[in-house]
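A.B. asks: Pasting the feature list from Swiss-Prot:
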{"type": "DOMAIN", "residues": "178-250", "note": "domain 'S1 motif'"}
{"type": "REGION", "residues": "254-281", "note": "region 'Disordered'"}
{"type": "REGION", "residues": "421-442", "note": "region 'Disordered'"}
{"type": "BINDING", "residues": "GLY506, GLU507, THR508, GLY509, SER510, GLY511, LYS512, THR513", "note": "ATP binding site"}
{"type": "MOTIF", "residues": "603-606", "note": "motif 'DEAH box'"}
Amino acid sequence: MSDISKLIGAIVGSDDPVIIEFVLNIINKSGNLQEFIRNIQKLDAGISYEDSIKMYNAFLGKQEEEKVRNKVKSSPLSQKINQVLKDDVNLDDPVVTEFVLSILNKSKSITEFQEQLNLMQSGLDNETIFKIYQIASPPVMKEEVSVLPSTKIPAKIEAKIEEEVQKIESLDPSPVLHKVYEGKVRNITTFGCFVQIFGTRMKNCDGLVHISEMSDQRTLDPHDVVRQGQHIFVEVIKIQNNGKISLSMKNIDQHSGEIRKRNTESVEDRGRSNDAHTSRNMKNKIKRRALTSPERWEIRQLIASGAASIDDYPELKDEIPINTSYLTAKRDDGSIVNGNTEKVDSKLEEQQRDETDEIDVELNTDDGPKFLKDQQVKGAKKYEMPKITKVPRGFMNRSAINGSNAIRDHREEKLRKKREIEQQIRKQQSFDDPTKNKKDSRNEIQMLKNQLIVTEWEKNRMNESISYGKRTSLPISAQRQTLPVYAMRSELIQAVRDNQFLVIVGETGSGKTTQITQYLDEEGFSNYGMIGCTQPRRVAAVSVAKRVAEEVGCKVGHDVGYTIRFEDVTGPDTRIKYMTDGMLQREALLDPEMSKYSVIMLDEAHERTVATDVLFALLKKAAIKRPELKVIVTSATLNSAKFSEYFLNCPIINIPGKTFPVEVLYSQTPQMDYIEAALDCVIDIHINEGPGDILVFLTGQEEIDSCCEILYDRVKTLGDSIGELLILPVYSALPSEIQSKIFEPTPKGSRKVVFATNIAETSITIDGIYYVVDPGFAKINIYNARAGIEQLIVSPISQAQANQRKGRAGRTGPGKCYRLYTESAFYNEMLENTVPEIQRQNLSHTILMLKAMGINDLLKFDFMDPPPKNLMLNALTELYHLQSLDDEGKLTNLGKEMSLFPMDPTLSRSLLSSVDNQCSDEIVTIISMLSVQNVFYRPKDRQLEADSKKAKFHHPYGDHLTLLNVYTRWQQANYSEQYCKTNFLHFRHLKRARDVKSQISMIFKKIGLKLISCHSDPDLIRKTFVSGFFMNAAKRDSQVGYKTINGGTEVGIHPSSSLYGKEYEYVMYHSIVLTSREYMSQVTSIEPQWLLEVAPHFYKAGDAESQSRKKAKIIPLHNKFAKDQNSWRLSSIRQSRERALGIKR
């Protein structure tokens, strides 16, 4: 099939030769393009106007090519030239043959013919050129002249030839010294690289860029700077007599090819060091800092003593009286001139003073989104926190805010012991006893160090044998039949067939997640489309898919697959697909009707994540449009009526589980310290109650570890007077082998107590639990709009959560639930249900997705629980400032591109800016590193060594560039696992970052963007990140460390940051972490002018009348060690003197 036939077939959607021939006949019969379009439209075949033009133009192009080819065939001379080209250079192109023939006819001699071909870099050697000229004898050439008008070269080709001729005429005959040329890296060696130089008429013009001339910084390996085949700009610095050319890449802008101005500033210029990491880009060069008053005084003294020169400090010339005795200079002619006779130009001084002034940046409050001017809620605060408690001033909420004294005391006790042990180590190291064996001394020091590392409870836990929970010898088919859901298989299948929407309620461990998808597949539902199942967490999606693949008997990615962010393990044969709810939400962006699926199951719907809530509305809409689509909602809670009501009052099916009565015991009075009360309750149960294990719900890792340590010490103190008590922790950060211990049967005569987070409410089921201790608190994630962060805070749980915790005690037999709060608090201070995530989290990414789907009226969107209006307005304002929304609130072209990336809008904004700034390769790498967990790890027994290794990766400009250093060096080490072990890096996290980078690169390729490297230019990378994170900027404050410009929140640099202990005037942060105070995480220094350049709509330069300067307070110097901070005042000094002399006023 010809190219034109393939094109027509692709447009009409058929490979039928009869249809293609029919279309070709219409083209032949049509006199012109307009007639052809009319004939096509009469057919009503659904072919667009643009496709009609494409077909017609392709047909005409093919005809022109055939004409040229026929002319070549009909001309004996053309055939001979074509044969020579075919034999000598393996080229069989009639257009090239006609082109060579036209040059031959215009040339008066062989010399002129040879020059013309060489000028155009035709690649033909002299022997081939001579052969062609010999073929055309003079009589034949004259004969061909008459034929020439009928064999005209097409106009486009002729214009291109003229353009090439002009380019060739402008080329240098040979390389010119100190001129910059474009080149291509041909070969890389240990001492540099060889570059093919373009822009000269010489063939194969090569030169060497020595390793010392490859970068302004010191280069250890040429591969760090260039790669083979890369196009670069080079300067010719030397041409030897033997023709060898030396090249340089130093001080050359690799984007424009311009020579940068050499940095001639003194290295010792007031501490302004010529840092190896500093960019030479003069456009982004850091301006000189203005001198402070103490510095001015000190410099004036140095100049007066002759130790410094006034010429080094031009800004002080107008302040210092010039003394002719030491400020005399010689003119070029040898005459002496006094320093006070020549004055600096006033305009120049003023310009220099302007340059040294620091830029003061403040918010631009005048420019806001016009479409939100009338939308502000009356009486609502701009940064109002989401309401997550029923009674904010209630006793439970006050207990949550104040925290536990027991935890605080335990923390302080550990710190005191640590200091004592450190003091003993120092004493042992300083005391050199000559009678003592040095080996014994070293062992004593090591024993003391080990006490610093682990507590008694941790040491006991380390000595336990590692196991992986309960094992079973049953075959997989028998295991499936033991699950509670198996007995309801036929009822479930029939319910799915009869209803479009279905709600299934089943306890954790009933088998609903792994079995229902298989039942539907076995019953043939997958014949009409995939069976999809969403999970709220990535780990769950991957692990469940692997388990189901094992049960089905296939490899993951074939019949059963999974999709999580930046990882798609599915294939064309996949029938059952597990995925995170966020990934299905992204699929809805491209396919709103979910046409690939026959059944979609929203698992763990009771968790009410933001993505799940959005999917409720999207799937409800898709199912109404597609009656054959089935939607199943599964939940582990009994409160399922709300789901049923939302999905058009659909049926609810309960999977029965083993449930026994549970006795609820409330506290008689409010507990002052819920941790102390929980520990006392555990001891009381262990001593006074019958057999059965205990489950205690706590809020997080620190509480769990502290409780385990305190309880271990108390049980050890009681000794044999009580039975054996096994203490087990459960939280997500624990290794899986330690977590799995909770599932092992308790040894006879013992009791186990499990301290767990709310993961034990629904996600896991522990057999043997008869007693539940519920303090009534949990950590909840909320969005703090003022700080622009999501933070975990301790808050009272809801009544639904309390009932779910109670139910954990009734799985094995009749149980008891000890609620460490009053019955009044349960009914009066707890909300009925937990506040859904969509009502307490940042919605910027969610709203961007909805806007990309064409949903502009968000107030009318069918949310199950609509988010607060102020939360939506904050998200819309953020998107407007990121330029993804226009003045009418509609998605811009930039916003459409941002929605294609599965990441936060700030990251996608930086990513797209990197394309314009030509540093996309580095930005993709850094974003990949930010998308994974912390790549550094600090083993407790080797913390100093780990910190030392980490410091080697530190970049002086901050953490974003530090992460780039880590990935680049790991890449240079060939992605070695051993390299990670040596440098205390998480190999698994780095491997994940590499996968994420690969996925982002694929998205880049898919949408036609290029990955370009800027060779780690720090200024370019930092400025690119500012384009996305300009709202996360902070300015140094002399009293509190830093204050965010947007919101004025007092923050500090996190101790793990590479900038910790350093002071930059302006910094940018990725997020804020709330621990003992609010810390900026992933911090990078920036220049204030960048904020004004990339976000003039958000920031403006401050002046004398600006609000920030008006509010600024002059705070006097003080001695932070002095008891009386007013001791420096004159009045204080006078009073002290009077007291000493006994004078009374």
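From the backbone N, Cα and C atoms, a Cβ is placed for every residue, glycine too.
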A.B. asks: Specify the secondary structure state of GLY511 (ATP binding site) as given by DSSP, simplified to three classes.
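C.D. replies: DSSP assigns GLY511 (ATP binding site) to coil.
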A.B. asks: Need one number: mean pLDDT over the motif 'DEAH box' (603-606).
C.D. replies: 88
A.B. asks: If you draw a 10 Å sphere on the Cβ of THR513 (ATP binding site), how many other Cβ atoms land inside?
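C.D. replies: The answer is 23 other Cβ atoms.
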A.B. asks: With DSSP, how much of the motif 'DEAH box' (603-606) is helix, how much strand and how much coil, in residues?
C.D. replies: 2 helix, 0 strand, 2 coil
A.B. asks: Can you list the residues of the same chain, besides GLY506, GLU507, THR508, GLY509, SER510, GLY511, LYS512, THR513, whose Cβ falls within 8 Å of the ATP site's Cβ centroid?
C.D. replies: LEU483, PRO484, VAL485, ALA636, ILE655, GLY657
A.B. asks: Taking only same-chain residues 6+ apart in sequence, whose CB is under 8 Å from that of LYS512 (ATP binding site), what do you get?
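C.D. replies: Looking at Cβ-Cβ distances below 8 Å from LYS512 (ATP binding site), excluding near sequence neighbours, one finds VAL485, ILE504, GLY506, ASP603, THR634, ILE655.
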A.B. asks: What are the sequence-distant neighbours of GLU507 (ATP binding site), meaning same chain, six or more residues apart, C-beta distance under 8 angstroms?
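C.D. replies: When sequence neighbours closer than 6 are ignored, GLU507 (ATP binding site) has PRO484, ALA636, ILE655, GLY657, THR765, GLY807, ARG811 within Cβ distance under 8 Å.
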